[in-house]
Amino acid sequence: MSEKIVVVDDEKEIADLVTTFLQNEGFSVQPFYDGTSAIAYIEKEAIDLAVLDVMLPDIDGFQLLQQIRKTHFFPVLMLTAKGEDLDKITGLSLGADDYVTKPFNPLEVVARVKTQLRRYQRYNHSTASPTVEEYEKDGLILKINSHQCILYGKEVFLTPIEFKILLYLFEHQGSVVSSETLFEAVWKEKYLDNNNTVMAHIARLREKLHEEPRKPKLIKTVWGVGYIIEK
């Protein structure tokens, strides 16, 4: 069965181009030209991945991403304008898994889609039995087998990337983990010095796990070194 992908871009030519290239790779693809139609479809169908443009005519791509992340874990790839670093950081902090800058080569989109699907499938279908079933600290319980995060008795929705970041920090509890180490462990890619991906995801995690994100008690920053969950 081919993976089902949603492509959302108000520029019909771009949406149709990306759709065609993905279909040529064997994916089942549904294009949309506005966010409202896309979210209605996503709520009815089992989607494996979404490609979202930031600029949409009704609701913007960030709002659409937030709607998706309320109930869905599947990977999301954002399309951003050239040079708009703020868009990239915002998208990643809201739960996007990757981004492509316009103008782009459709083959790059295809490659990134395949990469995200492979990661998601490994995440969902891993059969390895962890030596530790859960981690607990200061009212938070991270359940490894069920991929759940419980904070003071209430479940906190984490994206697959957020869960893996938190798990890696717990696995190395008491040690400072650099952004480079964390990125290469979670994303399985080479880290670049100007990469803000880890920082954006840590900020998002803190918003979900701390009453005062600017004064984090769980995930602490060791300036110039990295991040730590203390023992």
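Here the Cβ of each residue, glycine as well, is placed from N, Cα and C on the backbone.
According to Swiss-Prot, the feature domain 'Response regulatory' maps to 4-117, an assignment based on sequence analysis. Taking DSSP states H, G and I as helix and E and B as strand, the domain 'Response regulatory' (4-117) has 53 helix, 26 strand, 35 coil.
Under the heading 4-aspartylphosphate, Swiss-Prot lists ASP53, citing sequence analysis as support.
As annotated by Swiss-Prot, DNA-binding region applies to 132-231. Regional average pLDDT for the DNA-binding region (132-231) in the model is 87.
Counting only same-chain residues six or more apart in sequence, the Cβ atoms lying under 8 angstroms from the Cβ of ASP53 (4-aspartylphosphate) belong to VAL8, ASP9, ASP10, GLU11, ILE14, ALA15, GLY61, MET78, LEU79.
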